[in-house]
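Asker: Structure incoming, see below.
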Amino acid sequence: MRLFTTIAGLRCHLERHRTQKTVGLVPTMGALHPGHLTLIERARRENAIVVVSIFVNPLQFGPGEDLQQYPRQLEEDQRFCQQAGVDVIFAPTAVELYGDDPSDSDILTEFTQVQPPPAMTSILCGHSRPGHFQGVATVVTKLLNLVQPDRAYFGQKDAQQLAIIRRLVADLNIPVTIVSCSIAREPSGLAYSSRNQYLTPAQKAQAPILYKGLQNAQNVFQAGERDRTSLIAAVTSELSWIEEIQVEYIELVHPTTLIPLEQVEDQGLLAIAARLGSTRLIDNSLLRNRRPIIAIDGPAGAGKSTVTRLVAQQLGLMYLDTGAMYRAVTWRVLQAGIDFTDEPAIAELVSQCQISLISSGSQPQSLRVWIDGKEVTQAIRSLDVTANVSAIAALPVVRHELVKQQQRWASKGGVVAEGRDIGTHVFPDAELKIFLTASVQERARRRLQDLQGEDQGTVSLEQLEADIQLRDQRDSTRTLAPLRQAADAIEINTDGFTIPEVTDKIISLYHKKASSLHQG
Ligand code: AMP
């Protein structure tokens, strides 16, 4: 692991090491705890190089806030990062980052700053922390420019910050994927925070009441309550048990736009800020009213597509046939006569194309596919499309655009999809993630049976095993959409099980999950 305190050192290191490798950035203010660890671990799983920045950013602290007091423990943080498998720590001084000492000069007025939309910065924490999100947006923009990561990781714990950064990156066309990680909590329910260090033992015992209040609202929500006043009251009633809690706000907003909500339609963010003594704590809970998303990943030949279709059919969910989408795009590229090496022309075409998938029954053949107003249900199964679809699907731009479309399709839930990275990349917040696998021997045996059924049984079992092993190796190491098991995926080994048995297992997992969500 390397530590850099200068921009020059960081840049030089990244220039030398990043060739063809993905970089994940985890921006922090240090005093690292298990909440940060979830971000780092996720970044470790998804990138070749992990950079953690540690910087207590003076721009985001207001007068009278805890800038001086904020815990600084670089040596401990270094050990923490080393153990977590971090490659690079970037820990600059304020002078290095802003060219001036913030305590000597008024950098607030002398430095270019990034101003997110006022509607997003003036509510929730914005009331008591004017200028805070401008400071956050400015430092995050600088860090993104300096590290140029493929992905940057932020915690759902700071939900307002996350929404603002997502907007910032979209509005300013910053080429990075923002990945959000769910809130890590102590066994008591208290969300981990560097500021928990300020709490006395007595306050630490009281602090989990924030989570209890949110849980109470979550239960009320799951029981059908959608109204702002009642949901907020569910939090307040719990908090009233502890006199020492001074509530700053309890708000219900839309998680993406941060617009206050009177009613939760598909989703809401219930957010709270409160003080215990002089320590300010924040916490939140996502209230989701959408139908579930089930993501099924796994190696080739584990039976994913058949099982996925059956699960969709039996639960009455839509089978999001991502393969059909790639085929439709391939058909469109072929039809337009674009050379496959002309990626920019393909990018233009794909980013404007409109794909519709409409299922008119439960059978696979009942899925009808349109692209740009033309029905291509039959055409996408042609030999020409089959021969070219993998070349087209291998283009990063095609994948990027289609993942966006898939996410739009599933924004209201009610979808089952399968692939190699559906649970890790396409739908990281899917309600149920399954990693369907089978031993190489079993998959080879199934393949041989299929080939014999098709009268093509000349390949040996050993050869098929070797092919499958090679394919697994290629699929899990490819840069584009590598096969990965999400940390929260349930692995099902299908060796010795029939397709209906596996389907039943997924359906029962789904019902179990749905009832646990109901119980909050
Ligand atoms: P901070 O060091 O407090 O600025 O936090 C750095 C990143 O870690 C931010 O993206 C936070 O949202 C995230 N983070 C902090 N605490 C937690 C937690 N308990 N669970 C998940 N993410 C967290």
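For all residues, glycine too, the Cβ spot is worked out from N, Cα and C.
What TrEMBL shows for this protein is this:
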REGION    1-285  region 'Pantoate--beta-alanine ligase'
BINDING   29-36, 155-158, Ala184, 192-195  ATP binding site
ACT_SITE  His36  active site, proton donor
BINDING   Gln60, Gln161  (R)-pantoate binding site
BINDING   Gln60  beta-alanine binding site
REGION    286-520  region 'Cytidylate kinase'
DOMAIN    294-511  domain 'Cytidylate kinase'
Asker: Quick check: of the recorded positions listed here (His36, Gln60, Gln161), which one has the Cα closest to that of Ala184 (ATP binding site)?
Answerer: His36
Asker: Rounded to the nearest Å, what's the C-alpha distance separating Met29 (ATP binding site) and His36 (active site, proton donor)? Just drop the number here, would you?
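Answerer: Cα to Cα, Met29 (ATP binding site) and His36 (active site, proton donor) are separated by 10 Å.
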Asker: Have a look at the recorded positions Leu32, Gly35, His36, Gln156, Ser194 and say which one has the shortest Cα distance to Gln60 ((R)-pantoate binding site).
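Answerer: So, of the listed recorded positions, the one sitting closest to Gln60 ((R)-pantoate binding site) is Ser194.
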Asker: Rounded to a whole number, how many Å is the Cα of Gly35 (ATP binding site) away from the Cα of Gln161 ((R)-pantoate binding site)?
Answerer: 16
Asker: If you count Cβ atoms within 10 Å of the Cβ of His36 (active site, proton donor), leaving out that atom itself, what do you get?
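Answerer: I get 26 for this one.
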Asker: Sort out for me which one of Met29, Leu32, Ala184 has the most neighbouring CB atoms within 10 A, since those are the binding-site residues we care about.
Answerer: Leu32
Asker: Near ligand 1, meaning Cβ under 6 Å from any of its atoms: which of the recorded positions Met29, Leu32, Gly35, His36, Gln60, Ala184 fit that description?
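Answerer: Within range of ligand 1: Met29, Gly35, His36, Ala184.
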Asker: So, three-state DSSP: helix, strand or coil for Gln161 ((R)-pantoate binding site)?
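Answerer: DSSP assigns Gln161 ((R)-pantoate binding site) to helix.
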Asker: In Å, rounded, how far does the Cα of Gln156 (ATP binding site) sit from the Cα of the residue listed as 'active site, proton donor'?
Answerer: 11
Asker: Taking the Cβ of Ser194 (ATP binding site) as centre, how many other Cβ atoms lie within 10 Å?
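Answerer: I count 19 other Cβ atoms within 10 Å of it.
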